[in-house]
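Some features that TrEMBL has for this protein:
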- 159-262: domain 'CAAX prenyl protease 2/Lysostaphin resistance protein A-like' (DOMAIN)
- 31-51: transmembrane segment (TRANSMEM)
- 63-84: transmembrane segment (TRANSMEM)
- 104-123: transmembrane segment (TRANSMEM)
- 221-243: transmembrane segment (TRANSMEM)
- 249-267: transmembrane segment (TRANSMEM)
- 279-298: transmembrane segment (TRANSMEM)
Amino acid sequence: MTEDEDLPANFLTEKMKRGSGELVPPDGLCWVSVLSCLMLACSYVGSLYVWRSDLPRDHPAVIKRRFTSVLIVSGLSPLFVWAWRECTGVRTGPSLLALMGIRFEGLIPAIILPLLLTMVLFLGPLMQLAMDCPWSFTDGLRVAFDPWFWMLCASDMRWLRNQVVAPLTEELVFRACMLPMLVPCAGPSTAIITCPLFFGVAHFHHVIELLRFRQGTLSGIFLSAVFQFSYTAVFGAYTAFIFIRTGHLIGPVLCHSFCNYMGFPAISTALEHPYRLTVLSSYVLGVFLFFLFLFPFTDPSYYSFPTPVCTLTSFPSSLCLS
């Protein structure tokens with residue numbers, strides 16, 4: 001067996017061998033990784049503005065055009081990862097699709113557990129929604145299993161954007177493509193913090209439309225943009241955590257779609273709710289249970305340990321351990 005075969009074959013190049021025998025990233029890897037992520041983020045956001053229109057972003061015609069361009073960019077996004085791998089010389093054991101979380105091993109837990117964990121976090125809003133909903137539980141189930149209901153949803157361009165296209169394309173580009181490029185350079189923990197910055201900054205493009213259609217004062221628009229950047233960055237860190245721990249794309253996509261449906265928790269409404277104590281207790285209980293189950297529900301052993309993206313790192317991290 002050669003010296004190279006004694007070492008992990010997932011992250012080896014001749015440039016990575018040093019006198020100390022430690023595995024270190026190739027020279028310039030971090031610059032290439034960050035620039036590749038920046039180019040990918042700019043391509044995604046730029047694709048939304050290739051269509052010139054005086055219509056607002058929620059107009060069906062605008063949404064349809066943006067579907068076309070963003071789906072093209074998302075479909076081409078794996079080429080960025082392939083080009084990054086060829087440019088840096090980083091060798092990967094898992095296939096490119098597996099690194100991007102597209103695989104069958106551990107698929108069922110990846111569909112159920114991250115979504116369940118996210119629903120636990122939203123226990124307060126879900127309790128509030130259940131109390132205020134005029135439907136009974138039986139009526140809700142009947143609607144949920146009614147194919148006409150889903151056909152009606154699928155014909156709504158805003159619903160398709162918020163629940164299907166945006167979660168799928170954003171998680172593919174900003175998690176599945178960026179994390180494999182950032183993890184070898186920075187390690188899993190730093191990648192979880194760094195990756196959402198591209199995601200948060202990408203959402204600043206909404207400021208352009210708010211200013212263009214004069215939807216609020218300048219200070220109000222700025223504060224709204226800062227707030228949106230903050231919570232999208234936190235959410236991006238959460239889905240990056242799920243991606244690294246599970247090694248699957250489907251979990252972050254489903255969590256993203258669920259969060260888009262729920263929206264930001266209406267804490268002010270909860271404070272004025274007739275059953276305020278019950279609702280607020282549900283908020284607190286949900287947050288407590290979320291942190292209690294965060295690592296157990298994302299244990300990599302459920303998803304085929306080690307997860308593909310974790311094979312790219314030479315940085316020891318509890319995130320990659322079961």
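Going from the start of the chain as shown, residues are counted 1 onward.
Note: Cβ is positioned from N, Cα and C throughout, glycine not excepted.
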Give me the stretch from 31-51, 104-123, 249-267, 279-298 with the greatest number of Cβ pairs under 8 Å to the transmembrane segment (221-243).
249-267
Apart from its near flanks, which chain residues at least 6 from the ends of the transmembrane segment (279-298) lie with a Cβ under 8 angstroms of it?
113-114, 116-117, 120-128, 131, 241-242, 245-246, 265, 267, 270-271, 273
